[in-house]
Amino acid sequence: MKCPGVWGMLTVTMCVVFLGCPQAQELQGHVSVILLGATGDLAKKYLWQGLFQLFLDEAGKGHSFSFHGAALTAPKQGQELMAKALESLSCPRDMAPSRCAELQAQFLRLSRYRQLKTAEDYQALGRDIEAQVQQEGLREAGRMFYFSVPPFAYADIARNINSSCRPGPGAWLRVVLEKPFGHDHLSAQQLATELGSFFQEEEMYRVDHYLGKQAVAQILPFRDQNRRALDSLWNRHHVERVEIIMKETVDAEGRTSFYEEYGVIRDTLQNHLTEILTLVAMELPANVSCSEAVLRHKLQAFRALRRLQRGSAVVGQYQTYSEQVRRELRKPAGSPSLTPTFAGVLVHVDNLRWEGVPFILMSGKALDERVGYVRVLFKNQAFCAQSEKHWAPAQSRCLPRQIIFYIGHGELGHPAVLVSRNLFRPFLPAQSWREVEDRPGLQLFGRPLSDFYAFSPVKERDAYSILLSHIFHARKESFVPTEHLLASWVFWTPLLESLAREVPRLYPGGADSGRLLDFEFSGSHLSFSLGQPEQLVPGPGSTPRPSDFQVLGAKYRESPLISAWPDELISKLASDIEAAAVQAVRRVGTFHLALSGGSSPIALFQQLASGHYGFPWAHTHLWLVDERCVPLSDPESNFQGLQAHLLQHVRVPYYNIHPMPVNLHQRLCAEEDRGAQAYASEISALVTNCSFDLVLLGMGTDGHTASLFPQSPTGLDGEQLVVLTESPSRPHQRMSLSLPLINRAKKVAVLVMGRTKRDITLLVSRVGREPKKWPISGVLPTSGQLVWYMDYEAFLG
């Protein structure tokens, strides 16, 4: 009798080990798994074990497998390294040792190493898989390629797979990608475009391993299974705040080359914690088992995230980090790093469910404990007449009410879902979650474990085992689609850019950090609770803190100049606008304010929305200085920015809001629709003498202001109050207040921020009134006041 070869063992393995021949199922097809980077750290620590678990779970259900470990290493050395990695495979605790040994042996026989370095290597792999399937008479179900390699290698590998290793008709291809997925929005978009030229979206599975952690994976099922109890609670009326936390005790030693490029925000907040945030904040689809519906609702949550500003975050760095960087990367002494190893970020979700609820994201290295959790803290709206000693955990409404998805480690030491007993008794499926016995003396978030209904997994599984199973079964909701990835980078990139030169707060690390990293929030602004102690100075760099300076008053182009650090400047401008509003309302009963768009005023809008409760919004009319010729709902629309960052947060009567009519008769800025004339007529009818109480302008790097551009005479003189103009950048068509109308204002404030404005600031300071070259130079109110508001970077460089 001829003995079967290695690949001929496939059917024998399934028959003997899993099913017994009399009960053997018909094969559902053969699956080839190719692990690229098979000898790397991630593969050794998690991926081979995850693939072994996949083999245990699925081979007995009718599938046959082959496992190809691949790397750049030469065959002999690679085989030795892979064999060493496979030595640590383990079976479930409830499996008999003899059975475990048998299964391990079968898995090893089905696993082989091969070098994948050249196009010819990939061609040979494709031929070998096809030959194996044909030789054994198997039906091919699909091929899984796991990229456990650096992203810079993705393109070449993808090209080779696409050209040489695609399966035939009827079989699937699944390509698994590991982070990082870019460094910012642009790089992520470039990588996504490159991969998209080789693979279809449904073929790609971007891994965020936190989505495989059992407590995180339970968030949506928990919300679904407890809909009745949560429907009335999971909203801004009842939730005080949400905390999404990942703390580590280890530092970045040995990984500083990676950390210098990415830092803590890119490493954990942009991906892991943001993915968790969307699971908490998203609207529940009718069917949480439908991947498409889940992903669609998650994307809606991404799009509802309020834009982050510099004041949305605090950053820190453990004290020995810069020295580690110098040592590992061989940098010269006196070259401190500005890379944050700690970050706290305040996020708001701008929709009806979550308006005003703070989501706190925090992660860091060299902290006092290793722990991860999601904590939903509910408002305490009860008053208890009896003293605290009479409060019963299951009955008293005065005790804290919270739901915690405990990711792991910490005092508890394992994944768990905890619900305060005074909230409701939760349902979790008994086959996968069991109630935790009380552990006297254990305190979680200041309360004994007995205060909670606490559940832990019946069987703990590592994240990669869960995710590999989801890949095998094409459960896309556990992965990051391209559209979600880019939405996340759109959200995080502006903050990362604003922090690029920020000096992080130094902290000793561990328990010695004390209260140094405690932070607090007010409105949309986050700040450390304590000042930086002198003994931790000098830090990395010597940039002074904003609090070291007062607001500076001076002259610019013969008009008053106010200069300060950005936070102080915005605060001063907001206060001045409020003072002007109060004065106008007291004098004539209304305040007419014309606002510019762009990125600079966003911080001002947020400041006005969150910190000026005495502002007479009910008597304020809001106008636009200029508008892009796009629908008002378009992200490029100035009105959309005003709506997102100001209007939805304050009580301005809707009839006092005056967007520019750029979209009439289903057309954008058509001359024959006379939108500019209509806006001018509205101004004439409502604004006395067409004189706004205050006009807020900006200044472009080319000297343009409003949508009045250099080398274009449109809107610089004449009788027209509102004009259509052409911008050199897209979208080209604009509507704008004219320069004569702007100069009728009682007060004009020009806000100029950022180092990129330094050159034009210097140039405009030296020229006369030449609006055709530099439209901003034509701003000079006829009988009103002009005030310049510049941050130090724009003014001093």
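Note that the numbers count up from 1, one per residue, in the order the chain is shown.
Note that Cβ sites are derived from N, Cα and C of the backbone, with glycine treated the same way.
Positions annotated as active site, proton acceptor by Swiss-Prot: His272. A sphere of 10 angstroms centred on the C-beta of His272 (active site, proton acceptor) encloses 23 other C-beta atoms.
Take the CB of Ala43 (NADP(+) 1 binding site) and look out to 10 A: across all protein chains shown you find 24 other CB atoms. According to Swiss-Prot, the feature NADP(+) 1 binding site maps to Gly37, Ala38, Thr39, Gly40, Asp41, Leu42, Ala43, Lys44, Tyr154, Lys179, an assignment based on similarity to another entry.
The D-glucose 6-phosphate binding site feature in Swiss-Prot is assigned to Lys179, His209, Tyr210, Leu211, Gly212, Lys213, Glu248, Asp267, Lys365, Arg370; the stated evidence is similarity to another entry. Within 10 Å of the C-beta atom of Lys365 (D-glucose 6-phosphate binding site) sit 24 other C-beta atoms, taking all shown protein chains into account.
Marked as NADP(+) 2 binding site by Swiss-Prot on the basis of similarity to another entry: Arg375, Trp623. Summarising the environment of Trp623 (NADP(+) 2 binding site), the number of other Cβ atoms within 10 Å of its Cβ, over all protein chains shown, is 21. According to DSSP, Trp623 (NADP(+) 2 binding site) sits within a strand segment.
The N-linked glycosylation site annotation in Swiss-Prot covers Asn162 (among others). Under 8 Å, Cβ to Cβ, and six or more positions away along its own chain, Asn162 (N-linked glycosylation site) finds Phe198, Phe199.
Annotation comment: Swiss-Prot describes Asn287 (among others) as N-linked glycosylation site. Taken residue by residue with DSSP, Asn287 (N-linked glycosylation site) is part of neither helix nor strand, so it is coil. Taking Cβ-Cβ distances under 8 Å and a sequence gap of 6 or more within the same chain, the neighbours of Asn287 (N-linked glycosylation site) are Ala293.
DSSP assigns Asn689 (N-linked glycosylation site) to a helix in the three-state reduction. Listed in sequence order, the residues of the same chain lying 6 or more apart from Asn689 (N-linked glycosylation site) and placing their CB within less than 8 Å of its CB are Arg744. According to Swiss-Prot, the feature N-linked glycosylation site maps to Asn689 (among others).
What Swiss-Prot records for Gln25 is pyrrolidone carboxylic acid.
The annotation N6-succinyllysine is assigned in Swiss-Prot to Lys213 on the grounds of similarity to another entry. Counting only same-chain residues at least 6 apart in sequence, those with a Cβ under 8 Å from the Cβ of Lys213 (N6-succinyllysine) are Gly372, Ile407, Gly408, Pro415, Ala463.
The region 'Hexose-6-phosphate dehydrogenase' annotation in Swiss-Prot covers 25-531 and is backed by a curator's inference.
Here Swiss-Prot flags 532-545 as region 'Linker'.
The region '6-phosphogluconolactonase' feature in Swiss-Prot is assigned to 546-797; the stated evidence is a curator's inference.
According to Swiss-Prot, the feature signal peptide maps to 1-24.
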Distance from His272 (active site, proton acceptor) back to Trp623 (NADP(+) 2 binding site), taken between C-alpha atoms, in Å:
40
Averaged pLDDT, computed only over the residues in the region 'Hexose-6-phosphate dehydrogenase' (25-531):
94
Whole-number Å distance between the CA of Gly212 (D-glucose 6-phosphate binding site) and the CA of Thr39 (NADP(+) 1 binding site)?
23
In angstrom units, rounded to an integer, how far apart are the Cα atoms of Ala43 (NADP(+) 1 binding site) and Lys179 (D-glucose 6-phosphate binding site)?
14
Please work out the number of neighbouring Cβ atoms within 10 Å of the Cβ of Tyr210 (D-glucose 6-phosphate binding site), leaving out its own Cβ.
21
About how far apart, in whole Å, are the alpha carbons (Cα) of Asp41 (NADP(+) 1 binding site) and Lys179 (D-glucose 6-phosphate binding site)?
14
Tell me the Cα distance separating Gly37 (NADP(+) 1 binding site) from Tyr210 (D-glucose 6-phosphate binding site), rounded to the nearest angstrom.
21
Does Arg375 (NADP(+) 2 binding site) have same-chain partners at least 6 apart in sequence with Cβ under 8 Å from its own Cβ, and which are they?
Val242, Glu243, Ile245, Gln402, Ile403, Ile404, Phe445
Should Tyr154 (NADP(+) 1 binding site) be counted as helix, strand, or coil on the basis of DSSP?
helix
